[in-house]
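Annotated transmembrane segment per TrEMBL: 27-50, 62-80, 142-165, 209-228, 240-262, 274-294, in sequence order. Under the heading domain 'G-protein coupled receptors family 1 profile', TrEMBL lists 43-294.
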Amino acid sequence: MPPFNLTSLTPATFILAGIPGMEKSHIWISIPFCSMYLAALLGNGVVLFVIRTERSLHHPMYLFLSMLAIADLMLSTMTVPKMLALFWFSAGEISFGACLTQMFFLHFSFSVESVILLAMALDRFVAICYPLRYAAVMTQSAVVKAGLVALLRSFCIIFPCIFLLKRLPFCGHNVIPHTYCEHMGIARLACADISINVLYGLAVPFAAIVVDVVLITVSYVLILLALLKLPSRTARQKAFNTCSSHVCVILLFYIPAFFTVLTHRFGQEIPHHVHILLANLYVLFPPLLNPVVYGVRTQQIKEKVVKVFICPKTRLLQE
């Protein structure tokens, strides 16, 4: 079979090259990556199971947390299994359609997670600044609508990238110097002008994420002002504790993302394998650490985990 279609100049397959310059270390790199992925699956799975089985956690804050766990699982699962297959079995070949699918869900899950973090910030804003109206505003219907908005906005932003890539001729160039398919990594293989891809890929998704960050920042500025007005120190401490986990998750999500994007666009002096390592860690760190942050810093989650997983074992041993 020829490596590409001569009529459309679209490759039948792409070849993922892994981490250029570190091919001999792929096996060793795969060990921590696989460990982090398995831990992320376990942590997010526990969060989803506990929230699903405990009716006392069926509140907006925890429903948003379950959405976040699903987005985290999508983010890592769309990239890490293929990455490990590449590291372990040199299985770098991926069809053109599968590559576009991986690219779409990678960027889609990132955008969904950003909207969910914004919804969680607004949830904390209403809970602290307008506590008497919280039950009326943050209904289950509002949570469902927020989830639908996250899906719809992300789809509308990312789906055009597929058509922007399918219109490009590749002239037989099909080796991607990366461990997974992403928009600009594919576009750079084209033997045509990709200025539209560069403009869209940077301006539209980046602008949407910046809007989310600005709204989250405004929400927390208003929350901080409201906390300073509380007369009781105990009340301030309690309100702060409810927000601290979310702030940690926001920092874990956005700081690596912006650092990766900025170094990728402007850090030409940084070695290429460093870019790839940062991109790989980005799809692993948030899914790995988010359940840990919420499990350690959220008392309700800790109590329910103990109730679901530890107490039944204790009763069985006593019997």
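One is the number of the first residue shown, and numbering goes on along the chain from there.
Glycine residues also receive a Cβ, built from the backbone N, Cα and C atoms like all the rest.
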- Item | Residues from the same chain, set at least six apart from the ends of the transmembrane segment (142-165), whose C-beta lies under 8 A from its own | 60, 63-64, 67, 100, 103-104, 107-109, 111-112, 115-116, 119, 183, 186-187, 196-197, 200-201, 204-205, 208
- Message: On the 0 to 100 pLDDT scale, where does the domain 'G-protein coupled receptors family 1 profile' (43-294) sit on average?
- Response: 89
- Item | Segment proximity, the transmembrane segment (62-80) to the transmembrane segment (209-228), 3 or more C-beta pairs under 8 Å | no
- the transmembrane segment (240-262) versus listed stretches 27-50, 62-80, 274-294: most Cβ pairs under 8 Å: 274-294
- Beyond the flanks of the transmembrane segment (274-294) by at least 6 residues, Cβ under 8 Å: 18-20, 33, 36-37, 39-40, 43-44, 46-47, 65, 68-69, 72-73, 75-76, 79-80, 83, 106, 113, 177-180, 182, 245, 248-249, 252-253, 256-257, 259-260, 263-264, 267, 301
